[in-house]
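Visitor: First the structure, which I've put down as structure tokens, then a few questions once you've had a look.
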Amino acid sequence: MESYPNQIKLSLADIWSIFENIIEDTRLAKVRKEASHFRVKLMIFAMKSHENEEIDLEGGKLDKERDKTARSNRVIKIQNQALLSGLAYCISSCSMILVNKFVLSSYDFNAGISLMLYQNLISVIIVSVLSFLGIISTEPLTWRLIKVWLPVNVIFVGMLITSLFSLKYINIAMVTVLKNVTNVITALGEMYLFSKHHDSRVWAALFLMIISAISGGITDMSFHAVGYAWQFINCFLTASYSLTLRRVMDTAKQVTRSGNLNEFSMVLLNNTLSLPLGIILIYVFNEVEYLSKTPLLRLPVFWLVMTLSGFLGLAISFTSMWFLHQTGATTYSLVGSLNKIPLSIASILLFKVPTNLENSASIFFGLLAGVFFEKAKMQERS
């Protein structure tokens, strides 16, 4: 009977020890389970982070590709705009001269002032309509602006008229060479009026221009003294227009409402003021009698060609602004000089101009001198 309680006591101790072991095992299992869950969460987070990094990297590559494509498209677009504007400027400027030559020589139209008046009237109408529709902006023509601009406009009208008079008698290739004399007069005027000095390369190019003009005139098989006289007057007036414009431009801007005078405003101002002056000159040069007798005004085709010349004259203003905006003054000047080469060749072929090797060489020499002059001016500015 005495051993029974001891056996019960031992049994309770064993049970308590077993209970403690169970609790400990349970706690450890719980910790292991939580640790396992934490490791799983870490693995999931790492996998997601890796996936996000891959997505970000892939997205970055796509963004870079898109940016690269967009930049490439912008470059192509800019190059296309520059090329298109350059072609438009070259075609309009060449076509204008060729059409004027066709009207004056092929049709034998002896009313150059009337042709100028009609072309300027077309320009005024088109620019006024575009300004009214809000497509372009122009300055209003005030009396203050007209009074400031009138001396420039008188020279402008003389420049246009003498250009048409000379073009009637001289072939286009020689006109382009003789126009180089304008650069010589302008350079001398800049020295006298603005105290601007040019370097030796510019003067060398100007000297080559004079030589080519003299040699071209001597070897010209269709030489016409009246045409050459009008052309030299035109060179003087063109240089005077350029020099006077520099002196008057600042004053003209001050009397405008916006304080600026853009190309369209100058076109409207010059062509509008030329209309009354042109009407007066028509009577002075007695073109009214010729117009009343010539059968050309009864030909619809002739009116179509004259109207085309008016549109082309305005197109030169628009395309030159467009080309200048897309490229710059340097490219614009160089292309304008190079454009004379195909123009001269086309005019000789189209109008069947009699020429010889000496005259062709003089013309080509003069055209190259013009390109050399533009290049020298660029280097001087830089």
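Backbone N, Cα and C atoms are what each Cβ position is placed from, and that goes for glycine too.
Feature table excerpt (TrEMBL):
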- 84-372: domain 'Sugar phosphate transporter' (DOMAIN)
- 82-104: transmembrane segment (TRANSMEM)
- 116-136: transmembrane segment (TRANSMEM)
- 148-166: transmembrane segment (TRANSMEM)
- 172-195: transmembrane segment (TRANSMEM)
- 202-219: transmembrane segment (TRANSMEM)
- 225-243: transmembrane segment (TRANSMEM)
- 264-285: transmembrane segment (TRANSMEM)
- 301-324: transmembrane segment (TRANSMEM)
Visitor: Within this structure, do the transmembrane segment (116-136) and the transmembrane segment (264-285) have 3 or more Cβ pairs under 8 angstroms, counting pairs 6 or more apart in sequence?
Guide: yes
Visitor: Are there residues at least six beyond either end of the transmembrane segment (172-195) with Cβ under 8 Å to its Cβ atoms? List them, or say none.
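Guide: Hits for the transmembrane segment (172-195): 97-98, 101, 166, 202-203, 206, 209-210, 212-213, 216-217, 220, 228, 231-232, 234-236, 238-240, 242-243, 246-247, 340, 343-345, 347-348, 351, 353, 355, 362-363, 366-367, 369-370, 373.
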Visitor: Can you give the mean pLDDT for the domain 'Sugar phosphate transporter' (84-372), rounded to a whole number?
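Guide: Mean per-residue confidence for the domain 'Sugar phosphate transporter' (84-372): 90 out of 100.
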Visitor: Do any residues, 6 or more residues outside the transmembrane segment (301-324), come within under 8 Å Cβ-to-Cβ of it, and if so which ones?
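Guide: Residues packing against the transmembrane segment (301-324) from afar: 82, 85-86, 88-89, 92-93, 95-96, 99-100, 102-103, 107, 109, 115, 118-123, 126-127, 263-264, 267, 332, 335.
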Visitor: Check the transmembrane segment (148-166) against each of 82-104, 202-219, 225-243 and return whichever range has the most CB pairs under 8 Å.
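Guide: Ranked by Cβ pairs under 8 Å, first place goes to 225-243.
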Visitor: What same-chain residues lie close to the transmembrane segment (116-136): Cβ under 8 Å, and 6 or more beyond its ends?
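Guide: 157, 160-161, 164, 264, 267-268, 270-272, 274-275, 278-279, 282, 306-307, 309-311, 313-314, 317.
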